[in-house]
Amino acid sequence: MGSSSSSYAPKTIYLDVDGKVQRVIFSPHCNYHLKSVSDRLFSCFYRNTAILLIDSEGAMISIDPTMPANTPNNLYKVMPHSTNQGGGMETIKEDMFQNVLSQVAEQFSRAFRINELKTEVTNRLAMLEKRVELEGLKVVEIEKCKNDLKKLRDEMTSRGGVRVNCNCKYNFTDDGKKLSPRRDVPSYPKYTLSQETIEALKKPTFDVWHWEHNEMLSCLEYMYHDLGLVKEFNINPITLKRWLLGIQENYRDNPFHNFRHCFCVSQMMYGMIHLCNLQERLTMTDMCILMTAAVCHDLDHPGYNNTYQINARTELAVRYNDISPLENHHCAVAFQIISMPECNIFANVEPDSFKQIRQAIITLILATDMARHGEILDSFKQKVDNFDFTNEEHVKCLKMVLIKCCDISNEVRPTEVAEPWVDCLLEEYFIQSDREKSEGLPVAPFMDRDKVTKPTAQIGFIKFVLIPMFETVMKLFPQIEEIMVQPLRDSRDHYEELKQIDDAISGLVSRMQIRRCKFQKG
């Protein structure tokens, strides 16, 4: 990146001082050759006399860095403009010339100070560009990012760093938080992914419990770069960072439906894209829709499910007429974030294309409502035996099933990774059921802490929901059997064994209690 200092090359000015020709040379640093000319200047002007320069046509010449150079045949006449008649006549010729030079030098010095400031700003921008490039900016034009950074700095200056809160939030619980996008350049530490981590990210066995939020953000950022989405949709990497931060900040700290669950679902989607070779069968737009829907699918989840929303007649249920109130809310928050220029990862997408992407993301997020599970799976079963990747309806149905698989895929993971999620889900269920009891609302048996156990909670879900859905997907992608379907079967067997143990213990306890009663009576 070049400097603009070349516009201030040395300049020679020829002056007519009291009938004598004098040459003055100004360099970019105002190192004018004073001694070489001052000894030859003579004047009868007063010490405090202001100086005017007049060209050969009688026009006044402004004394500044832009004054045009002249020749010995076209002199600038130095004219006194007296401002003080006191003190008598002085004939100190060098003082007059010092006055001329000091005025011109002052103008040049001021200009060069501005130029030095511009150079400093340019250098700082260059450093920022280099840092951003190291974090993955190679796919975006450096000049464009520089302009974005400049706009960002100007916006921060003009707004004084104030963040704007989104007024779309429905705070129907006391712990609701405001949507606050990041207007500053994201500052979360860049986590350098090892090759081992990069390979692990592509597999369902990935352990999501070992990662801090900053590391999960970096992993999500990597996925968008690795799938080519940043390049394909010309996403500014800084905007991608801001968007991901906005996403993370708008997942609540629920036991289950939190940012780690968002990452878990997104990582599983990324893994299925690789495992099923979807990049070879679907479009880049489809890839973007799948990943973005996974990232956004539970935004601002309050920790209370649709049944509670409807039975309690919450503001969300009223707003969405009892039709998938949570999923509709997730969509609304997702696009409220994207509507902010600093978080708009689709800023460079054509309006018609964005409309298509938006509608598809909404369709996928709404498909995560388990009330629609049977409807969606039945539709996919009708298509899977003669599936056509060129048929839009077939592909749309596949994407809906894929996000459903990822959303409830915890049992696909190793037991040590999956089982803690069961504890988190039951904790969230128990919080809801306790509240339902206190408010006199119906309580689902599978959420009642007095009735449900971990094995009973999981066996039916795995046998009648997970395995049938994944086995249907396996017809289209046989490669998932060993890596995804078999772990589900193993998990089913694991919980059935636990249930047998629980039943045996319960039976033993019951028999002991009966014997104790008989003994006491006898």
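Cβ atoms are placed via backbone N, Cα and C, with glycine included.
The feature active site, proton donor is assigned by TrEMBL to H257. TrEMBL lists H257, N258, F259, R260, H261, D298, D407, Q458 with the feature AMP binding site. Residues or ranges marked as Zn(2+) 1 binding site by TrEMBL: H261, H297, D298, D407. Annotation comment: TrEMBL describes D298 as Zn(2+) 2 binding site. Annotated domain 'PDEase' per TrEMBL: 181-502, in sequence order.
For the binding-site residues D298, D407, the largest tally of other C-beta atoms within 10 A is found at D298. When the Cα atoms are compared, R260 (AMP binding site) and H297 (Zn(2+) 1 binding site) turn out to be 12 Å apart. For the binding-site residues given as N258, Q458, the lowest number of other CB atoms within 10 Å of the residue's CB is seen at N258. D407 (AMP binding site) sits 9 Å from H297 (Zn(2+) 1 binding site), taking the C-alpha atoms as the reference points. Take the recorded positions H257, R260, H261: by the count of other Cβ atoms within 10 Å of each Cβ, the lowest one is R260. Of the listed binding-site residues, namely F259, H297, the sparsest CB environment within 10 A is found at F259. The Zn(2+) 1 site, placed at the center of the C-beta atoms of H261, H297, D298, D407, has further neighbours from the same chain whose C-beta lies within 8 angstroms: H257, C262, V265, A294, H301, T368. Summed and averaged per residue, pLDDT over the domain 'PDEase' (181-502) gives 95. As a whole number, the greatest separation of Cα atoms within the AMP-binding residue list H257, N258, F259, R260, H261, D298, D407, Q458 is 23 Å. Residue pair Q458 (AMP binding site) / H297 (Zn(2+) 1 binding site) shows a Cα separation of 23 Å. Here H297 (Zn(2+) 1 binding site) is positioned 11 angstrom away from N258 (AMP binding site), judged by their C-alpha atoms.
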